Structure formats: structure tokens, C-alpha cells
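Asker: The structure that follows is given in the form of C-alpha cells.
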Amino acid sequence: MAESEQKNENSAGFEREAETGDPAAQADAAVEATTADAESAMSSSGTSAAPVDSAAEAADRPVEAAPVEVPESFTVTLIVRRYDPEVDDEPRWVDYDVQMYQTERILDALHRIKWEQDPSLAFRRSCAHGVCGSDAMRINGKNRLACKALVKDFDISKPIYVEAIKGLPLEKDLIVDMEPFFDSFREIQPFLQASGKPEKERHQTIAQRERFDDTTKCILCAACTTSCPVFWTDGQYFGPAAIVNAHRFIFDSRDEASQVRLDILNDREGVWRCRTTFNCTDACPRGIQVTKAIAEVKQAMLTGVKL
Amino acid sequence: MADHSSVTDGIHYHQHDVVIVGAGGAGMRAAIEAAPKASTAVITKLYPTRSHTGAAQGGMAAALANVEEDSNEWHTYDTVKGGDYLTDQDSAEILTREAIDAVYDLENMGLPFNRTPDGKIDQRRFGGHTRDHGKAPVRRACYAADRTGHMILQTLYQNCVKHGVEFFNEFYALDLIMAEVDGVKRVSGVVAYELATGEIHVFQGKSVVFATGGFGKIYKTTSNAHTLTGDGVGIVWRQGLPLEDMEFYQFHPTGLAGLGILLTEGARGEGAILRNASGERFMERYAPTIKDLAPRDIVARSMVQEVLDGRGAGPNKDYVYLDCTHLGAEVLETKLPDITEFARTYLGVDPVVERVPVYPTAHYAMGGIPTNNDAQVLSDNETVIPGLYAAGECACVSVHGANRLGTNSLLDINVFGKRAGNNAVAYAQTADFVDLPADAADGVVKMLAQLREGEGTESVAEIRKALQETMDRNAQVFRTEETLQTALADIAALRERYPNVRIHDRGRRFNTDLLEAVELGFLLDLAEVVVVSAINRKESRGAHMRDDYPTRDDVNYMQHTMAYRTDAETGASQGIRLDWKPVRVTHYQPTERKY
Ligand SMILES: Cc1cc2nc3c(=O)[nH]c(=O)nc-3n(C[C@H](O)[C@H](O)[C@H](O)COP(=O)(O)OP(=O)(O)OC[C@H]3O[C@@H](n4cnc5c(N)ncnc54)[C@H](O)[C@@H]3O)c2cc1C
Ligand code: SF4
Ligand code: FES
């Protein structure tokens with residue numbers, strides 16, 4: 001071990017006195033009060049207000065602090081389309097009453113059902129904040145990510161209907177087979193194709209980078225594709241998500257295979273079947289202008305890619 | 001390269017040269033090296049693009065010097081100092097040296113980095129990254145808006161598609177098979193559970209790479225995904241292999257208050273400021289030179305200190321504010337669009353005009369499966385297990401020491417993921433398969449049967465919640481002997497209840513009820529190791545802040561903790577033996593950490 005001064009300060013400002021009461025207990029209370037649990041959030045933090053000795057340094061700008069409402073709970077009825085292939089011949093709708101808070105989401109409601117009422121309910125989820133694409137589902141007839149659908153945005157005087165996304169084979173409860181969806185994605189050659197190996201990075205102007213920014217946001221959640229009436233009636237249709245990902249490369253100035261992808265899409269009338277119903281754009285949780293991207297790909301087929 | 005598989009007694013057997021467990025950044029970076037050269041299988045419990053690497057926001061560090069002078073030696077210094085001198089310095093040198101190519105690799109693979117006006121990769125400031133040994137913040141983080149991790153994950157998956165990597169999606173690895181060959185313990189394969197069918201698969205591999213990510217779900221308030229339950233770390237632990245530095249768990253300063261959802265440090269890199277209830281920029285008191293851009297351990301502690309001292313905001317004075325209002329809508333919408341939306345969606349707060357309530361959130365495991373610089377897993381301080389590799393958040397090299405710097409993990413997964421992939425292939429090209437024992441799958445079959453058929457009455461969700469609550473309360477930013485002992489007693493009580501959990505779903509297909517119970521088992525094991533390691537370290541260093549031992553003690557504790565599972569269980573507690581491993585020092589002697 002290296003010889004060095006014993007007892008270095010961990011860092012400035014953290015020498016804490018033993019006689020300031022019981023810091024651990026204070027830490028407890030503070031931690032408890034910051035949990036997502038509304039009950040504990042309402043309990044007192046147990047810390048006493050110390051005089052603020054640095055009021056003079058206070059921010060010069062008049063900025064609104066966020067208003068904080070005292071959380072109030074209410075009952076929401078969810079009607080979930082359940083299906084267990086090992087038991088059920090047909091899917092069935094099942095009602096659940098759940099206690100919810102203003103700031104919570106449909107995913108919280110589903111967890112409450114799974115964790116407190118019926119652990120057999122099956123659904124996918126991971127990140128819980130709209131970035132992984134696991135939990136696209138049909139909520140009151142519209143495709144949403146359960147983790148981004150806030151309960152307060154629904155009319156809770158009526159039940160909320162939750163079912164699996166449509167157009168992909170139903171596996172169990174809210175879970176569908178994603179393979180056909182990913183197959184379409186893989187078919188459009190979703191990877192950069194560029195010749196030569198530069199010594200460092202390939203250059204790209206800010207404007208060139210901006211050209212395909214919107215379609216880089218896709219998280220492959222399938223909300224768009226499974227809201228598309230053309231996809232429902234024709235499972236062979238590539239679907240909006242595959243076209244969005246083709247767009248991401250077609251308009252990337254570094255890529256040299258745009259024409260290949262346009263040909264793939266053209267071959268199976270990939271883009272031409274789009275009837276511009278805008279369902280996909282409405283469904284996209286990442287706010288991607290899906291219909292616009294499809295239109296740009298159509299345009300590129302007719303007039304070539306303009307970068 | 002096709003999967004060679006067969007079915008015997010209802011169990012599927014596969015054979016691949018390289019078996020990679022996990023398809024986040026580390027696993028896929030390894031696969032891109034391995035797949036073109038050897039038959040490779042990637043087992044992943046999530047679809048690859050759903051891995052939590054995709055949640056990373058702020059950036060990936062590399063001293064490209066695209067926008068201002070920088071050097072990888074400065075980056076090494078920052079990494080060592082940021083890690084409170086527990087970082088292995090030769091490893092940090094590799095990390096920062098190979099950082100540059102790691103970024104170019106990703107760009108060449110297609111990653112759409114933000115650009116400078118002259119078309120190069122743009123770079124931004126981040127906590128703890130400085131010019132010339134601490135003089136001022138430096139622009140070192142390469143980024144793609146505030147979705148850098150998303151772009152890394154997508155780009156790596158795209159390149160796996162290009163190379164035809166074979167994925168086994170929604171397969172849960174649950175056991176590692178090792179066998180002794182000529183007195184040497186070697187790797188033989190992995191046992192996995194297929195979510196869709198409930199069937200068991202044994203993957204025989206010449207080399208096995210673990211890249212299963214972190215275990216943030218031992219805590220309640222966390223930036224981690226529901227699926228980050230430490231399975232890989234737990235599997236290795238149950239094999240009697242050591243875990244390193246488990247007491248060092250990082251709390252990220254800016255989680256959305258009450259929710260834990262992350263707001264990247266990149267916000268502060270772009271100029272956002274932390275303020276207490278009275279609006280004071282309190283970091284000026286704790287880190288006068290680099291203020292809000294001090295390393296995370298220091299910022300998180302300062303925030304908790306403000307709250308403890310009564311200067312917190314809100315009705316319960318239990319959080320502080322992140323003030324982005326002076327950045328302007330343009331910067332927020334173009335450089336930080338995702339976090340702007342998170343605040344709007346989940347707290348109903350608009351960062352353009354309002355300050356955002358924030359509080360530290362459990363974020364990153366510095367500790368994990370010990371490896372050497374070649375990503376080989378160690379069975380003690382030096383001995384490698386031939387054929388076994390680990391990389392990414394599940395591994396501990398250790399490049400992060402006692403506290404990881406922001407943007408160094410996306411770097412870690414790329415540098416050491418690549419090394420793991422390359423070395424796993426090189427080994428597979430010379431080694432033979434190790435025979436699978438006839439009972440390879442028995443352990444998993446038995447564990448699942450016990451859980452599935454148990455007649456107990458305990459709820460998985462309740463035990464998990466109680467675990468997360470005691471960890472949040474007693475093993476968080478500040479710890480003492482007393483709080484840690486409380487956590488330990490709570491964990492023991494929960495471990496006692498665990499064998500009596502009731503699985504309600506008795507079916508085979510998509511039985512997530514069963515898998516949540518299995519994951520809880522890993523969480524309970526790992527939480528106990530975290531707490532026992534924390535009790536043993538009677539000093540404060542990096543993310544491990546002991547109120548009862550508030551200073552760093554280099555004489556006794558400038559060494560890594562090595563925890564081993566032993567057979568000496570007492571009641572519900574695991575037998576845990578603790579040992580030490582020296583820190584590798586090259587150039588930087590420990591000094592007081594001031595910012
Ligand atoms: C919100 C957030 C923001 C972050 N921002 C940054 C940042 O800006 N810069 C930075 O450097 N770092 C950041 N980090 C940290 C960094 O993103 C992670 O540490 C890193 O991405 C981990 O990558 P990984 O490949 O090790 O694991 P992950 O990406 O978590 O992948 C784990 C993989 O293992 C698989 N797996 C797990 N268990 C099993 C099992 N039993 N069987 C089979 N497969 C399994 C999963 O399916 C998954 O594919 C951030 C982290 C978070 C949470
Ligand atoms: S375009 Fe939008 S809706 Fe469609 S898969 Fe991508 S993120 Fe989901
Ligand atoms: S759980 Fe990840 S997008 Fe909803």
C-alpha cells in the first residue's frame with residue numbers, strides 16, 4: 001500500500017459534528033420523505049429549519065419554484081384484456097380497482113395489480129420512463145407506452161381499457177410476439193454502409209446531422225406499426241417503424257446505400273401502401289414525425305435523395 | 001454460424017465457441033468482435049434495444065481535444081482522483097488511452113454524434129473532468145443530444161444485425177457451469193430459462209462473457225430499470241467467486257425528486273445550477289473551484305447536507321432545485337430535449353421557466369465481478385478462471401474506484417466490452433470445450449420447481465419493497481455502523497421469509513411472476529454483500545460516506561474489498577468472508593481531494 005498522510009479529509013465541507021443530534025435518524029427521515037410513496041412524502045421530514053446564513057447570495061433571478069400539490073389518492077378502474085394460452089380459449093376482459101395518485105402512470109397501475117392483486121398478470125416493462133420501448137399497449141383504444149400514460153390525463157370517472165397492441169400474434173395478456181416486427185426492421189439494412197476507413201471520425205456538418213435527427217430517436221416500441229390499419233390487414237407491410245429506420249440511414253450524409261434501401265422498400269410496395277392516416281405519428285411516444293418521414297422516403301424514390 | 005442444438009430429457013443443449021450473457025452496451029460491443037471470428041451466442045433477458053444502456057443520457061468521455069486542449073493523461077488523473085484513489089491506475093490508463101479509438105469506432109459504425117461547426121464530434125463539460133489536473137472544467141464528453149446511451153445501444157445493435165449476431169432474446173441466464181480440468185477450474189457453460197416457453201437451455205461455450213449490467217433495484221429510489229436486478233453478479237457470487245468493492249454504490253445527484261428518474265449531469269455541463277430553498281448556489285461552499293461540476297459523491301452529499309441542515313425546498317424541505325431557466329429554451333430543446341420532457345411529463349414542471357425538484361437517486365455499482373485488464377474474471381486477487389470474462393457495469397476492473405465519473409461508464413462498456421470480446425475469441429480459438437456435467441441443469445430445475453410449487457404465503461412484491469426501503473433508509477448516501485446493522489438485520493429477516501414466497505402463476509409461458517421471484521433472490525444476496533462490505537470499511541471514501549468515520553484512512557483502507565461466499569451460513573444470513581486486494585498505483589499518490 002502506498003505510504004501517504006494518514007486520515008486525509010474525504011473532501012471539503014463534510015466534517016460533521018457528533019453533537020448535532022442523531023444525524024442517522026435525520027437522514028432516515030429525509031430519505032423516507034423523498035420516496036415515491038405518497039404516504040411517506042406527506043410525513044414530516046423531521047429536520048428543523050436552520051437559519052439561512054447566505055440569503056445575500058440568493059439567486060438574483062425571480063424564478064417560480066414548482067408548485068407542489070399534496071398528493072391525493074383516488075380509485076381507478078382498469079379493464080384489462082387477459083389471455084393465458086395454457087388455460088383460455090379466448091381472451092377475456094377483467095376488471096381491477098386500483099388506488100392511484102395524480103402523478104402516476106398506467107404502468108404503476110399495472111404494477112399495483114400485479115404486485116397486490118394478481119401476480120399472474122403478464123406484461124413487459126423495463127426502464128419505466130419511456131426510453132426502452134418495452135411497454136407499448138392499447139390504452140382506451142390508442143397505442144401508448146404505459147410508463148408515459150399519466151392517469152390524470154384520462155377520464156377516471158370511466159374505466160380505462162388496456163389491451164395488447166394489435167397486429168402481432170398475441171402471446172399472453174399484454175405480451176405479443178415481437179419477432180415479425182424486428183424482422184421488418186432488419187430487412188431494411190439498418191446499419192451504416194460507408195466505404196473506406198477514416199483515420200478519425202467521418203465529418204458531417206451540423207445541418208447534415210440535423211437532417212435525420214428526428215428518426216434517430218426511435219426506440220423500436222412498435223406503437224406506430226401496430227396502430228397502422230394497413231399493417232393490421234396486411235402483415236407483410238413493412239410498417240412505419242421500419243420505414244422510419246430506413247429514413248434514418250437514407251438521409252445520413254455518411255451512408256452510401258440509400259438506393260439499396262429505397263429499392264427494398266419499393267419492391268414490396270413498402271412505402272406506397274401508406275394511406276397517410278397519421279395514426280403512427282399520433283402513437284409515437286418519441287414525438288417522431290412518422291408520416292413526414294414516410295413522405296420524405298416516398299419523395300426520395302421519385303426524385304432521388306437530397307442531402 | 002448456425003446454432004448446434006439438441007434436446008435431451010426436455011432440456012435444450014446448444015454449443016457455441018463464445019457465449020455472451022447480456023446485450024447492453026458491453027455485451028453487444030463484445031459480440032461485434034466475437035461474432036465475425038467465432039460461433040457466438042448472445043443470451044439476453046431483454047430484447048437488446050431495451051437494455052438500460054439506452055437510458056444513458058449525457059455522454060462518453062474521450063480526450064479527443066476537438067473543441068479545446070485535452071489529454072488522456074489529464075483524463076486518467078481525473079478518473080483516479082474522482083475515484084478517491086481506489087481506482088487501479090494502470091486500468092484507468094488503458095481506459096483513457098483506448099477511449100479515443102472507442103469513440104471513433106462508434107462514429108465509424110454510424111453513431112450520430114452532435115457536431116462542431118467544422119463537422120467534428122462535439123464535446124461538452126461533465127462533472128469531475130478537468131483541464132490540467134483540476135484547473136477548470138474541460139469539454140471531454142462526446143454526446144448525441146441527451147440520448148447518447150440510446151444512440152450507442154442502437155448503433156451497436158445495428159452493427160450486430162450487420163454481422164448476423166445470433167441472439168437468444170428473453171432468455172434468462174440463471175446459472176454458470178464450471179468444471180475442474182487437471183486441477184484448474186474452467187468455464188463450461190451457462191444455463192438459461194426461456195421466458196416464452198418456460199424451457200431450460202444449456203449453452204456450452206469455450207468462453208463465457210458476463211455483461212449483465214447493474215443492480216440498482218436493491219434500492220427504492222433509483223435511476224435503474226426494473227430489470228436491473230444483478231442476476232449476473234449474483235450467479236457468479238453463488239459459484240463462490242469473489243465480488244469486489246460492493247460497498248461503493250453511486251448516488252446520482254439529480255434524480256427527479258420522489259421518482260428517481262435521472263436528469264443528466266450534462267445539464268450542469270451546459271450550465272445548470274443547483275440551488276437550495278432560498279435560491280443559494282450552495283455548491284460554491286462545498287467545491288469552490290468547479291462548483292456544480294464536482295464529482296457526484298461530493299454533489300450528492302452536499303445536497304443531502306443542505307436538506308439535513310434545513311435548507312431543503314418543498315413542503316417537507318426534502319429536496320433541492322436544479323435551475324436550468326437561464327439556459328434558454330433553445331439549449332434545452334436542442335441539447336437536453338429528453339430530460340426537459342421527463343420533467344414536464346413526470347413532475348409537471350417546465351425546466352424552461354421553473355426550477356426542477358431533484359434529490360440523489362441510486363445509480364451505479366462501482367463494484368462487481370473482479371476482472372483483470374483483459375476482462376478475465378478472477379477467483380482471488382490474481383488467479384484467472386480460463387474462459388470466463390466480464391465487462392460493463394457488472395464487472396469491477398477497477399477503473400471507477402470509489403466513485404465513477406460521469407461519462408466514464410459508456411466508455412468502460414466500449415473499451416472493456418471490446419477487450420472481453422477479443423480475448424474471449426482468442427481463448428476460444430485455442431481451447432477445447434469443457435465437458436458439461438450430466439447434471440448441468442439440475443440446480444436451476446430444482447430452484448425453479450421449489451419456487452413454482454411452493455405452498456408458502458409470502459409476497460415477492462412485499463419482500464422486495466421492504467428490502468428497497470431499508471436500503472434507501474440505511475445504506476444510502478450517509479451510513480453509520482448503526483444504520484448498516486439495521487439494514488443487515490432487516491435483510492436477514494427478509495431472507496428468512498424468501499423461501500416461503502408464493503408464485504401465483506403456475507404456468508410455463510411468459511411466467512414473469514416466477515422470474516420476479518428469482519430476481520428477488522439475487523437482490524437479497526447482493527444487498528447483503530453491499531451492507532456487510534460497508535460495515536467492514538470504517539472510513540469515508542468516494543461514494544461510501546460513513547458518518548461515524550468521516551475521513552479517508554489511506555493507511556488501513558486504501559485497498560479493495562474482496563467478498564467471498566462461504567458455507568458458514570448463520571440462520572438466513574449467507575456466510576461471507578472478507579479480504580483485501582491492493583490498489584495498483586502508477587503515477588498518482590493519494591492526496592486530499594479538493595475541487
Ligand atoms: C439513467 C442513466 C443514465 C446514465 N447516463 C450515463 C452517461 O451519460 N454516461 C455514462 O458513461 N454512463 C451513464 N450511465 C451508466 C451507464 O449507462 C451504464 O452503466 C451502462 O450502460 C451499463 O451497460 P451494460 O452493458 O453493462 O449493462 P446494461 O445496458 O444494463 O445491459 C445489461 C444486459 O444484461 C442482460 N441481462 C441481465 N440479466 C440477465 C440474465 N439473467 N440473463 C440474460 N441477460 C441478462 C439484459 O438483458 C441487458 O441486455 C447512466 C445510467 C443510467 C441508469
Ligand atoms: S417510430 Fe416512434 S412509435 Fe414507431 S417504433 Fe419508433 S419510437 Fe415507437
Ligand atoms: S418501460 Fe421502458 S418504455 Fe416504458
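Any Cβ shown, glycine's included, is placed from N, Cα and C.
Unlike curated records, TrEMBL annotations are generated automatically.
Quick paste from TrEMBL:
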type: DOMAIN; residues: B:17-410; note: domain 'FAD-dependent oxidoreductase 2 FAD-binding'
type: BINDING; residues: B:22-27, B:44-59, B:Asp231, B:Glu393, B:409-410; note: FAD binding site
type: MOD_RES; residues: B:His52; note: tele-8alpha-FAD histidine
type: BINDING; residues: B:His252, B:Thr264, B:His363, B:Arg404; note: substrate binding site
type: ACT_SITE; residues: B:Arg296; note: active site, proton acceptor
Asker: Whole-number Å distance between the CA of B:Gly58 (FAD binding site) and the CA of B:Thr264 (substrate binding site)?
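Answerer: Answer for this pair: 5 Å between alpha carbons.
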Asker: Could you tell me the maximum Cα-Cα distance in Å between the residues recorded as binding substrate, namely B:His252, B:Thr264, B:His363, B:Arg404, rounded to a whole number?
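Answerer: Result: 14 Å between the two most distant Cα atoms.
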Asker: Do me a favour and check the Cα-Cα span between B:Gly54 (FAD binding site) and B:Thr264 (substrate binding site); whole Å is fine.
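Answerer: Distance (Cα to Cα, whole Å): 13 Å.
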Asker: Would you identify the secondary structure of B:His252 (substrate binding site) according to DSSP, in three states?
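Answerer: Where B:His252 (substrate binding site) sits, the three-state DSSP reduction gives strand.
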Asker: Considering only the recorded positions B:Ala26, B:Leu46, B:His52, B:Arg296, which residue has the minimal Cα-Cα separation from B:His252 (substrate binding site)?
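Answerer: Checked the recorded positions B:Ala26, B:Leu46, B:His52, B:Arg296; minimum Cα distance to B:His252 (substrate binding site) goes to B:Arg296.
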Asker: Given recorded positions B:Ala26, B:His52, B:His252, which are under 8 Å from chain A when comparing Cβ atoms?
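Answerer: From B:Ala26, B:His52, B:His252, the ones near chain A are B:His52.
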Asker: Which residues of the same chain, at least 6 positions away in sequence, have a Cβ lying under 8 Å from the Cβ of the residue listed as 'active site, proton acceptor'?
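Answerer: The answer is B:Gly127, B:Gly128, B:Gln250, B:Phe251, B:His252, B:Pro253, B:Glu265, B:His363, B:Asn403, B:Arg404, B:Leu405, B:Gly406, B:Ala543.
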Asker: To the nearest whole angstrom, state the Cα distance for the pair B:Thr264 (substrate binding site) and B:Gly22 (FAD binding site).
Answerer: 24
Asker: Quick one: Cα separation, B:Ser409 (FAD binding site) versus B:His52 (tele-8alpha-FAD histidine), in Å?
Answerer: 12
Asker: Around the substrate site (B:His252, B:Thr264, B:His363, B:Arg404), what further same-chain residues have their C-beta within 8 angstroms of the site's C-beta centre?
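Answerer: For the substrate site the neighbour list reads B:Ser223, B:Gln250, B:Pro253, B:Leu262, B:Glu265, B:Arg296, B:Tyr364, B:Gly406.
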Asker: Among the binding-site residues B:Gly22, B:Gly58, whose Cβ has the fewest other Cβ atoms within 10 Å?
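Answerer: So among B:Gly22, B:Gly58, the binding-site residues given, the one with the fewest Cβ atoms within 10 Å is B:Gly58.
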Asker: How many other Cβ atoms sit within 10 Å of the Cβ of the residue listed as 'tele-8alpha-FAD histidine'?
Answerer: 25
Asker: Here are the binding-site residues: B:Arg50, B:His252, B:His363, B:Arg404. Which has the lowest count of other Cβ atoms within 10 Å?
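Answerer: Comparing Cβ neighbours within 10 Å for the binding-site residues B:Arg50, B:His252, B:His363, B:Arg404, B:His252 has the fewest.
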Asker: Rounded to the nearest Å, what's the C-alpha distance separating B:Leu46 (FAD binding site) and B:His52 (tele-8alpha-FAD histidine)? Just drop the number here, would you?
Answerer: 10
Asker: By a simple count of other Cβ atoms within 10 Å, which of B:Ala26, B:Leu46, B:Gly54, B:Thr264, the binding-site residues in the record, is least packed?
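Answerer: Output over binding-site residues B:Ala26, B:Leu46, B:Gly54, B:Thr264: least Cβ neighbours within 10 Å is B:Leu46.
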